[in-house]
Amino acid sequence: MKKLYLASKNQGKIEEYKKLLLNVNCQLLLQPESIEVEENGITFRENAIKKASEVSKKTRNYAIADDSGICIDALDGRPGIYSSRYAENDQKRIERVLHELDGEKNRGAFFIANVCVCSPSRDVILESEAKCFGNIILSPRGKGGFGYDPIFEERSTRLTFAEMNNVIKDSCSHRGRALKKIIPGLLEIFS
């Protein structure tokens, strides 16, 4: 079975990927701990390509990466590409966003995900982008998910990502939508 390395050290992310790529005949693995990739691109796309390219080079295998984040209208798109570095942990990131939006009526936001797959030769062979629109609520709701999931209410369901079951989240999340776009290509590669 061919290996596909997820260019991430985030255990929550690999669990999400395993569910979404269930029908792809590959062994999905987290990147080795020894690999460090600096996310210094100025776009989500640049960061996704850089991560997949570096991990494919160092593992000599296929690699998949995404760069994703939340962009909040009233904060001029922040945290944006700095979403995972906006504070030291999920709880503090949520607290910071809620503090910065205190008293703000415009709470519109969107999650964005850029997904990239690189071949063992580091060539970009698949990529996609998807967004999910919603609002930042006043206080966290729900027990599931990770990151900003408890404060992001998806527009069509009126549920936070933390309140959604996997089926609902996979169908409407930014990452789920971006991955679905490249699944036909992955099925071909890993057939």
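Yeah, the Cβs are placed from backbone N, Cα and C, and that goes for glycine too.
Keep in mind that what you see is a predicted model, and the values were worked out from it rather than measured.
These come from Swiss-Prot:
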- D67: active site, proton acceptor (ACT_SITE)
- S8, K9, N10, Q11, G12, K13, S68, F146, G147, Y148, D149, K169, H174, R175: substrate binding site (BINDING)
- E38, D67: Mg(2+) binding site (BINDING)
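Features per Swiss-Prot, on structure.
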residue : record                       : CB count, 10 Å
S8      : substrate binding site       : 19
N10     : substrate binding site       : 14
G12     : substrate binding site       : 14
E38     : Mg(2+) binding site          : 9
D67     : active site, proton acceptor : 26
S68     : substrate binding site       : 25
G147    : substrate binding site       : 22
D149    : substrate binding site       : 24
H174    : substrate binding site       : 24
Report summary line: Taking only the CA atoms, the spacing between N10 (substrate binding site) and E38 (Mg(2+) binding site), expressed in whole angstrom, is 15
Query - Three-state secondary structure, S68 (substrate binding site) (per DSSP) - result: strand
Query raised in the report: Rounded to an integer, what is the Cα-Cα distance in Å between G147 (substrate binding site) and the residue listed as 'active site, proton acceptor'?
Result: 13
**Report entry** Cα-Cα distance maximum in Å, computed over every pair in S8, K9, N10, Q11, G12, K13, S68, F146, G147, Y148, D149, K169, H174, R175 that the record assigns to substrate
**Finding:** 21
